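J.: What follows is a structure written as C-alpha cells; I'll ask about it next.
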C-alpha cells in the first residue's frame, strides 16, 4: 500500500592602465565593435567629425554611391576610411577646430543642452512625426540658423549640457570605463559675439555661403549604440557621485537612445534606463518583491524559453540521484519548492532504479501566499498523483516560511533510517542582505546531516559595495542573458522556438532582477548574486567540502542543450568539479555539490 502524506504547508590601479588601454572595450564588444580603450577619444572625435560632414545632402549621396569602406566592426579603421573619402568634399585646410570640422554656418545643433529640448526636438522618420523618439535606426536633428554655436554631443556630459570641458569615466571610479582622462572640446580662438548668448561654446565659421535651413544630420543605429552604452555608464557614474542633476539628464537621454536600437540591446538598455530612473527619482515600490504566485508565473515562462533552469534542475538531480544509490529510504528537503518542477524527473529516475524505487519523502519550503490558497499543498497533490502512477511510495510535507533563516533543524521530522539531501536553486543569494542569515541557514543544514547539499546560483558578482562596479557587472551579465534569449528556442525537443509570450514574460522576469540590482538597496535588494569562488569561501568556512559532479553529469547536461533551438550558443564548462552553463564564452549559472567535512 502506497503512502501519501500531505502536510500544511574595484577600482583599476595604475599598474594595469597600459593593459586596459590596449584591450578592446568590453561594453562596445557587446554591440559588435572592436575598439581599443586607448582609441576611444580618437573614435569620439571622428564621429563628431562625420556628423558635420554628412549634413550636406549632395555629399552624402555621392558618398553612398561611390565609396567602399572597411568592416564597420573595426570602428576606428571604418571611421578613418569614411573621413579619408569625405575629406575632398570639405575643401582645403590644415588644422581645423570643431567649427571647421562641423562645417556649419551661423547655426547650432538645436537645443541639445537639456533633456526637455532633447525630447521635444528629436524627430522620427518623417519630420512631421514629432513623437520625440529616434526610430528605425536614424536620429534626425535640425539645424537652427541665427546662432553661433554647435552643441556637440559625442560624450554624455555634452549631451547633458554640463560644460565644454568634462571628465568622462574618472580615474578613481574603478569601473574600468575606457575614458579615464579629461576630454576638452576645441574652442574658437576668438570669443563669440556678445549678443550670441552662447559663450560656453565655440563660434563656427561656415564655408557654405548659402546654408540650407532644412539641413539635417543623420546618425545611424551603430553610432547610437555606442552613445547608448556610454550614456548608461556615465549616468551610473553620476549616480555613484551623487550628481543627480547630471544623472537625470543622462537617464532621459539613455531612454531615447535605447528606443533607436533593435533586438536585445534595445530591451536590456531600456530595463537599465528604467532602473536608473527609479534609483534617481526614488521610485522603488514600497514592496519591491512581487507576490509568490506572480514570481512563479514569470519563472515558468523563463523555464520554457531557455535552458538555464532546466540545467539547474537536471544537474542538481543527477548529484542527488548518485548520492541515493543503494538507499532504501530517501528524504529531499527543497529550499526552492515553488511549482515543484524539479521533482518529477527525479521521481521517474528513482522508479527505474534496479531493484525497485526507494521510499521517497519530500519536504518543500515556500513563501506564504497572499491569495488565501495553499499552493504548496496543491503542488504536493500533483506530485502524489505522479508517484501513484509510477509506483513510487511517496510522502510530502510543505513548510511556509518568510525566509530560510527562520528554519530550524527540529522542524523536519528527521528519521534515523533515511538519508537526507538538501537542495537550493537560486535561493541563498537572497539572504545576503540580512546579517549572518546565510551562516545561520548553513548551520541548519549541518544539523540535518545531509549526504549532499546541491547549490545553484548565478555566476556573477552583483553584491559589491560600490554601485558603479555592480552596475557595470550587471550590464555585462544581463546583456549576455538577453542576447541568449533572442536566439533561444523552446524545450520541446523538436527544435521549435519559444513562443512570443514566453519570450516577453522571460524578459519581464529578467527585467525585474535588473531593477532590483540597480534601483534597490538595503533589505529590499535581494538579487545579491555572487560567483562560485565567493560561494566556495562561504561554504568552506561553514564546514562543507566540494563534491565532484563527474563526467556523466557533464555529458548529459551537454546533451540537454541539443534539445534547444539556438543551442549552438550555449556552453557547458567544468570548473573544479562544478558545472557552469553559459552563452558563448560567458558563464551565467553554476551548479555545485557539497558534503560535510
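Glycine is no exception: its Cβ is also placed from the backbone N, Cα and C atoms.
Got these off TrEMBL a minute ago, pasting:
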type	residues	note
DOMAIN	25-89	domain 'Transcriptional factor DELLA N-terminal'
REGION	186-215	region 'Disordered'
REGION	299-364	region 'VHIID'
MOTIF	330-334	motif 'VHIID'
REGION	378-410	region 'Leucine repeat II (LRII)'
MOTIF	428-432	motif 'LXXLL motif'
REGION	519-595	region 'SAW'
J.: From the DSSP assignment alone, can you count helix, strand and coil residues within the region 'VHIID' (299-364)?
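T.: Residue counts in helix, strand and coil order: 32 helix, 12 strand, 22 coil.
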J.: Limited to the domain 'Transcriptional factor DELLA N-terminal' (25-89), I'd like the whole-number average of pLDDT.
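T.: Value for the domain 'Transcriptional factor DELLA N-terminal' (25-89), mean pLDDT as a whole number: 55.
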J.: What are the helix, strand and coil residue counts for the region 'Leucine repeat II (LRII)' (378-410) according to DSSP?
T.: 17 helix, 7 strand, 9 coil
